Amino acid sequence: MKYKQQTVCQKDNLKNDIGAVIYSEEMQYYKSLLECSFCSKMFSNKSNLRKHYKIHTEDRSFVCDICDKTFVDKLTLRNHCKLHSGERPYKCDICGKTFVETKTLRRHYKVHTGERPYECDVCGKTFAATSNLRSHYRTHTGERPYECDICSKTFVEKKTFSDHHRTHTGERPYVCDVCGRSFTQKTTLSVHYRTHTDEKPYKCSICEMSFKDGSNFRRHTKRKHNS
């Protein structure tokens with residue numbers, strides 16, 4: 001019996017067909033995920049979602065003495081307190097950026113590797129994390145689930161909503177443990193903290209100038225190097 005040899009084109013078509021099947025299965029999986037109505041976190045089955053719901057409904061007896069936010073266990077409270085103190089013990093060995101939790105550091109590493117495995121099935125845009133894909137998906141659906149109870153402004157992301165809400169309340173929960181200055185956003189605290197440590201994690205690969213925050217770094221590369 002003779003076997004017909006596959007051409008390069010046939011092999012490429014087969015590879016593309018397999019890739020399309022895998023992509024389709026991934027998108028079906030993503031669409032089948034169950035979303036928590038409190039925090040938008042996603043779960044693969046009802047059992048895990050029910051367990052997660054307890055975080056929102058059970059006794060939350062561990063209270064932050066700075067912002068009065070409550071938690072179900074001591075470990076979660078301890079991690080939360082790092083937001084106020086500015087403590088960020090997990091450092092990226094590539095760019096020097098620091099993080100409160102290891103899972104956030106692992107997610108950040110994808111910025112350097114270029115890994116963006118989550119693709120929007122509407123426009124093809126790719127993302128490093130499922131949470132970013134979920135938020136992006138709302139730009140297509142028009143969904144803005146987070147509404148301010150003061151001015152009725154709506155938001156796509158919970159974080160953006162929380163930051164906005166503080167413009168009404170004047171709450172500044174993120175406190176520098178060096179000088180006592182407080183901020184509405186943890187990212188602003190992180191940038192401020194570098195005025196004490198003199199850390200400049202953003203380095204220009206062309207002229208080797210370094211910067212404390214990403215916005216100044218991007219402004220520099222655009223103005224000085226047209227990139």
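Note: Cβ is positioned from N, Cα and C throughout, glycine not excepted.
Taken from TrEMBL as is:
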| type | residues | note |
| --- | --- | --- |
| DOMAIN | 34-61 | domain 'C2H2-type' |
| DOMAIN | 62-89 | domain 'C2H2-type' |
| DOMAIN | 90-117 | domain 'C2H2-type' |
| DOMAIN | 118-145 | domain 'C2H2-type' |
| DOMAIN | 146-173 | domain 'C2H2-type' |
| DOMAIN | 174-201 | domain 'C2H2-type' |
| DOMAIN | 202-227 | domain 'C2H2-type' |
Among the ranges 146-173, 174-201, 202-227, the one whose Cβ pairs under 8 Å to the domain 'C2H2-type' (90-117) are most numerous: 174-201
Model confidence over the domain 'C2H2-type' (146-173), averaged pLDDT: 86
